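Feature annotations, courtesy of TrEMBL:
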- 3-140: domain 'Flagellin N-terminal' (DOMAIN)
- 196-278: domain 'Flagellar hook-associated protein 1 D2-like' (DOMAIN)
- 313-393: domain 'Flagellin C-terminal' (DOMAIN)
């Protein structure tokens, strides 16, 4: 077979180039630590690695979401702890106010302290997170949830709660509706309390109920004084933050008195000048807190002791509700920790599988690289020898 010089050069150059490409590819594997550089290296492993990489990315996003949710839950727990501390402190001060040795001046000091605690509780209820989103506004995270002052607080949020996806099937709450914490105590809205003036000389007593004919008028969080003048009854209302009692009704005749959606039945025989205090409780922590403060600043017929008795029971309801919500938050934080542990293990599993599919075996790769260098050198040397042959060399 006749072989031309051109063919010799073409075949030799092609062999050297092929050996060089293989050597370069092995060098890239060693330098990058990856066995699969392109899908052509191992189509099945490349496809599997792509799926695993996507799954690992989703798991990493869940981990980020879990950290964010956990931070928000920690902030919620911290603020709820603060709210519980304020209510517990208010309860302790209420016990002090119930001491018979307390003077009106002493009660005024306690009232001033309680006003400051009321403002602190309101500030906690309007807490924002690091993204300036309100924690207790439900879905309305950009809306300040509680507006007002001791004379009246209104809720501007909604009844929902923002959530964040922390796993394939779990959406974790990262905010609360303010009503769940501050307007949902175990107290029944409209629970009625009545107290007799300790200086009453008659035997009158009250039985309280809501007027079924005026259910909408029976507002909660109200405080009234009823005074008997010998023939009829006069009713005034105390309003938190107000200086003077506001007349509600006058000239009412017994034994049943109806006003502001209430029905008050007077039993026994009250004497002229006898007075009674009526408090309509609320489920709202702020309203009940404000009533307590008002009874210290403006004692009614029942004196400061009525406010103390009211406060002790209703502050307990508020504390109990805060503890209940804190327990829910604590349970969610434990769940987050469990999800983080599972996610961490899953990430290690993904990393291990990807390494097995993609990563190079350095001992094998270096051995192959050294062997390929030998092949390349052999191809180069053989090409040089073959191209150096000629008829003149043979004749010599």
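Count begins at 1; order follows the chain as displayed.
The backbone N, Cα and C atoms fix where each Cβ goes, glycine too.
When the domain 'Flagellar hook-associated protein 1 D2-like' (196-278) is classified with DSSP, helix, strand and coil residues number 3 helix, 41 strand, 39 coil.
Note on the domain 'Flagellin C-terminal' (313-393): mean pLDDT across this stretch is 76.
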